[in-house]
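> Marked as N-acetylserine by Swiss-Prot: S2. Residues or ranges marked as domain 'PPIase cyclophilin-type' in Swiss-Prot: 11-166. The compositional bias 'Basic and acidic residues' annotation in Swiss-Prot covers 177-193, 231-241, 276-287, 305-348, 360-372, 426-438, 458-473. Residues or ranges marked as region 'Disordered' by Swiss-Prot: 177-386, 399-473. Among the features that Swiss-Prot reports, coiled coil is placed at 206-230, 307-378, with the record citing sequence analysis. The compositional bias 'Acidic residues' annotation in Swiss-Prot covers 257-275, 405-419. Annotation source Swiss-Prot lists phosphoserine at S347, citing similarity to another entry.
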Amino acid sequence: MSNIYIQEPPTNGKVLLKTTAGDIDIELWSKEAPKACRNFIQLCLEAYYDNTIFHRVVPGFIVQGGDPTGTGSGGESIYGAPFKDEFHSRLRFNRRGLVAMANAGSHDNGSQFFFTLGRADELNNKHTIFGKVTGDTVYNMLRLSEVDIDDEERPHNPHKIKSCEVLFNPFDDIIPREIKRPKKEKPEEEVKKLKPKGTKNFSLLSFGEEAEEEEEEVNRVSQSMKGKSKSSHDLLKDDPHLSSVPVVESEKGDAAGDLDDDGEDESAEYDEYVDGDEKNLMRERIAKKLKKDTSANVKSAGEGEVEKKSVSRSEELRKEARQLKRELLAAKQKKVENEAKQAEKRSEEEEATPDGAVAEYRREKQKYEALRKQQSKKGTSREDQTLALLNQFKSKLTQAIAETPENDIPETEVEDDEGWMSHVLQFEDKSRKVKDASMQDSDTFEIYDPRNPVNKRRREESKKLMREKKERR
């Protein structure tokens, strides 16, 4: 695959297509196909491709888009007419990820383009290759083909281009046009036909006369109430059930007997108009209403008591938690004190024993415990202490080296812990001597003396071997 990339010329220009399948980076061959690249870049700058769909998908072959109508037969170039094809000997349809112009014939290029999904040798010298998909965005390009298509190679749910962004424009003289897109004609608003009001035929009803009288009364009241807000007293002046005297509600906390008495007092004003049955009905209604109010008050009071109980319960739990914390802390402190007392008793008992080895062990233990207590905790003080110990060790080393002479280095004993400080590592130098060709010394030239007995013996042996070889032949 690398030999294919090497054969392709370098690119000059870059565009980013933001699609519903992901971003797609396109690098352009603006020197090899200048007209196609100029057309593509200017259409991207003019947002010509925004919200256009990929209307044609051939799996394993191409994905085509760039038609604002979405039919496959639309789209115009920036030149106002189709422009010529631009073929190049180093640009071939030999792999996926190539971007080329779609056309209906030779020299019929507009705004539509397509991506290749594989090798397509049959398209060579028929379509202008002007770009390639780069990087990992090639996988987003492949996702464009992962849709269901019909018999006409049109996807059921096509992907679309959301927007275009020109990252590098090799043409500095491009001036985007102001394209006036035709507005979609809104459908004519349907005229709502007012349905004529149907006339009510009361003669068909058994109680037609009464219903007709009620209808006339309602119409008369509605006509008189237009533009005004009135109470029920104003609306129903002739209603015997309503009194012109305002009713004063008794307190909600009164007993049921008081409510009945108040109802009797108020009903005395219109006994002339109301029958006994109607009076009982009114009493029942008022009693029900007041019962509802009292039940609501009881509920609210019960809820308040529940809230108070829950608050008091939570306070008790908090107090118990605080008390438990105090008890735990006290028990912990008591445990620490008991352990300290037991340790003191043990130390006193151990000191009382006269054994020398045990006494020495205790002294060493106390010594290390004292050192451990002197060590500070982690932090800046601990770091300072570590640096101080390091400097102390360095000074000790330099002092040991200065005290011991370089030439006379005595062998240290195993028990001498400080002998290693002044010890110097020495070993035999076994490195080979490298001969310099420019320097001539006694070892430069090889000396061969034929009179040397060793050389004589070697010559005789070699002659003997040669004779034996000849005899064998």
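From the backbone N, Cα and C atoms, a Cβ is placed for every residue, glycine too.
Describe the structural context of each listed feature in the structure shown, including burial, neighbouring residues and relevant distances.
Summed and averaged per residue, pLDDT over the coiled coil (206-230) gives 64.
S347 (phosphoserine) falls within a helix when secondary structure is assigned with DSSP. Counting every protein chain shown, 13 other Cβ atoms lie within 10 Å of the Cβ of S347 (phosphoserine).
In the compositional bias 'Basic and acidic residues' (458-473), helix, strand and coil residues by DSSP number 15 helix, 0 strand, 1 coil.
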> By DSSP, how many residues in the compositional bias 'Basic and acidic residues' (360-372) are helix, how many strand, and how many coil?
13 helix, 0 strand, 0 coil
